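Chemist: According to Swiss-Prot, the protein carries these features:
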- Cys326: active site, nucleophile (ACT_SITE)
- Glu360: active site, proton acceptor (ACT_SITE)
- Gln190, Tyr218, Asn223, Glu239, Asp301: S-adenosyl-L-methionine binding site (BINDING)
Amino acid sequence: MATLDVNPQRYQEQLAEKVERLTDMFAPYNVPELEVFESPEQHYRMRAEFRVWHEGEDLYYIMFNQETREKYRVDQFPAASRLINDLMPLLVEAMKDNESLRRKLFQVDFLSTLSGEILVSLLYHRQLDEEWIENAKALKQRLNDEGFNLNIIGRARKMKIILDRDYVIEKLDVNGQSYIYQQVENSFTQPNGKVAEKMLEWAVDCTQESTGDLLELYCGNGNFSLALAQNFDRVLATELAKPSVESAQYNIAANKIDNVQIIRMSAEEFTEAMEGKREFRRLKDNGVDLKSYNCNTIFVDPPRAGMDVDTCKMVQGYERIMYISCNPETLKENLDILSETHNVTRFALFDQFPYTHHMEAGVLLERKA
């Protein structure tokens with residue numbers, strides 16, 4: 001992870017800069033007033049990764065200055081959740097005098113939750129053995145005895161040792177309703193838990209008066225699908241990454257939601273299926289008849305590269321488009337196409353990444369009369 005100047009005194013100032021930047025960027029699209037969703041000023045990141053430095057008997061976390069590439073010691077990290085900060089010193093202290101746990105350890109990854117669970121991945125430049133497993137189990141027990149709800153994973157080249165499980169269970173509150181999410185180590189999850197809740201509430205609010213079914217592309221672990229299911233008859237969602245699809249299936253079952261169907265395919269493949277260019281056996285195998293769906297609304301949350309032109313054209317076929325973007329530059333490019341047929345009726349900034357230039361935006365588009 002790189003340098004981050006977490007300064008609560010500067011929070012409103014950096015947010016105002018983003019508001020101005022985003023408003024100016026999208027002025028040509030005749031957007032409505034920007035809805036702004038703030039982050040906690042510190043302890044907002046649910047994930048953090050640190051390199052580990054060995055100095056004689058000492059062992060500590062380090063980060064690198066982005067400009068100078070100089071390393072510096074990190075004992076606390078105000079951007080990370082309180083849970084991560086509470087665990088950081090205890091973890092390193094417990095490993096310092098243990099040869100099996102510290103030898104060739106080069107990185108520690110933390111994945112925490114609002115629900116209180118935390119997962120630690122220990123990364124090594126050596127193969128791990130039975131002795132490591134025994135020591136890691138003792139470490140886990142010791143820290144859980146101190147009040148943590150912790151799991152540990154050991155990683156080395158072509159090696160992954162899971163002591164109990166490689167995921168955490170997160171609980172996000174959406175308008176007073178709690179949703180359960182399995183979040184697997186090394187797969188994508190929203191990094192800012194409190195802002196993730198606000199994004200879900202905004203999406204639910206935008207689709208309140210919906211009719212028919214929802215189509216969702218790039219659904220990840222079902223983050224939005226589950227919360228949006230209440231506003232639609234059925235939800236058909238696609239995702240390419242296998243671990244995310246498996247988590248989405250887990251989450252559908254855990255939340256007892258019966259109107260969401262997830263298919264493992266890319267947005268590009270789905271576009272071909274919708275246009276009848278190709279038949280996909282996995283649609284048949286999953287009992288999915290695309291013609292039976294009555295989707296007036298499409299929800300997209302693409303990667304940083306945005307949507308390709310063909311997917312944009314396919315998306316234009318829907319009455320309403322909800323688009324969550326982690327890269328306003330590519331959202332702008334996509335809006336050049338989408339605004340030919342649709343107007344932006346809602347416009348939001350979610351401050352997922354305070355004190356950085358990154359912005360997360362949301363738009364609702366409705367077909368022009």
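Every residue gets a Cβ built from N, Cα and C, even glycine.
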Chemist: Could you round the CA separation between Cys326 (active site, nucleophile) and Glu360 (active site, proton acceptor) to a whole angstrom and send it over?
Modeler: 5
Chemist: Centre the Cβ atoms of Gln190, Tyr218, Asn223, Glu239, Asp301, go out 8 Å, and tell me which other residues of that chain have a Cβ in range of the S-adenosyl-L-methionine site.
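Modeler: Filtered neighbour residues, in order: Phe188, Cys219, Gly220, Asn221, Phe224, Ser244, Ile324.
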Chemist: Which whole number of Å gives the largest C-alpha distance between any two of Gln190, Tyr218, Asn223, Glu239, Asp301, the residues noted as binding S-adenosyl-L-methionine?
Modeler: 16
Chemist: Once the DSSP letters are reduced so that anything not helix or strand counts as coil, what is Gln190 (S-adenosyl-L-methionine binding site)?
Modeler: coil
Chemist: At a 10 Å cut-off from the C-beta of Tyr218 (S-adenosyl-L-methionine binding site), count the other C-beta atoms across all protein chains.
Modeler: 22
Chemist: Using Cβ atoms only, which residues of the same chain lie under 8 Å from the residue listed as 'active site, proton acceptor' while being at least 6 residues apart in sequence?
Modeler: Val195, Met199, Ile324, Ser325, Cys326, Leu349, Phe350, Asp351, Gln352, Phe353
Chemist: Let me check the 10 A CB neighbour count of Glu239 (S-adenosyl-L-methionine binding site). How many other CB atoms are there?
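Modeler: Other Cβ atoms within 10 Å of Glu239 (S-adenosyl-L-methionine binding site): 25.
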